[in-house]
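Here's the structure, in C-alpha cells; my notes come after.
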C-alpha cells in the first residue's frame, strides 16, 4: 500500500507539475510573508535568506480530523495558508475524513483539478459535467479518482466505518464553493425570492434549510 501511495504522489507531481493552474514561479522559492500587509495575487515573498525548513513543512495531515458536524466530514488543508513555502509552487494537498454516513457535499474548486487517493474505507464519489451528466463510481482503499477543475462534485461515505482520503490540487489555494452553504448561508443572504424560484419551493422550506445550515454558536 505504501508503494501505491508513493506512485500516487509521483503521478500527482508529474501531472500537476506540467499543468499547474497557478502562474509559474520566477525564482527558486517565494515563501509567503503573511505579515507583509500587502495584497497581491498570492503572497509577497519574504527574503529567501530567512527561509527555513519549517516554511515547507506541515504535520497537519497525520491525524484524522473530527467529523462530529453537520455533514459528518472534515477537510484538513495543507495549502499556502498553512505552508508558506507553497507560495508560487502551484500545488497543495488536503486530508478529508468522513464519519459513517458522512458526506463532503456538492462543491466546486474554481482554481484547481482535484485527485483523491483513498486511505481507508469506501466512498461513493462523482461529478456533474456542464452537460448535466453525472459521472460516479464507488472507490475503496488504494484507489484514485479525479474531479475536473470547476465542476460540481461530492464524496459520500455509505459504509459502516470511517473513511479518509488524501486530495491533491494543482493550485496553492484551490478555493472551495460549497453549493448549499453558498446559497443558503451567504452573508448578506441570498434573497428568498431567488431561492424559491430557483428550487420551486416555498419560503417556509427555504427558511428551514437556512436554519439547518446556519453556523452553530
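A Cβ is built for glycine as well, from the same backbone N, Cα and C atoms used for every other residue.
Pulled from TrEMBL, these are the features on record:
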SIGNAL    1-21  signal peptide
DISULFID  30-45  disulfide bond
DOMAIN    57-207  domain 'Cupin type-1'
BINDING   104, 109, 114  oxalate binding site
BINDING   107, 109, 114, 153  Mn(2+) binding site
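Features as recorded by TrEMBL, highlighted on the structure.
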residue : record               : CB count, 10 Å
30      : disulfide bond       : 21
45      : disulfide bond       : 20
104     : oxalate binding site : 25
107     : Mn(2+) binding site  : 19
109     : oxalate binding site : 23
114     : oxalate binding site : 23
153     : Mn(2+) binding site  : 22
- Message: Between C-alpha atoms, which of these binding-site residues comes nearest to residue 30 (disulfide bond): 104, 114, 153?
- Response: 114
- Overall pLDDT for the domain 'Cupin type-1' (57-207), taken as the rounded mean: 97
- Measure from the CA atom of residue 153 (Mn(2+) binding site) to the CA atom of residue 45 (disulfide bond) and give the result in Å, rounded to a whole number. 33
- Item | 104, 109, 114 excluded, remaining Cβ within 8 Å of their centroid (oxalate) | 94, 107, 108, 116, 147, 153, 167, 169, 174, 176
- Item | For the Mn(2+) site built from 107, 109, 114, 153, further residues of that chain with CB within 8 A of the site's CB center | 108, 127, 147, 151, 152, 174, 176
- Query: If you measure residue 114 (oxalate binding site) to residue 153 (Mn(2+) binding site) at Cα, how many Å is it?
  - Reply: 10
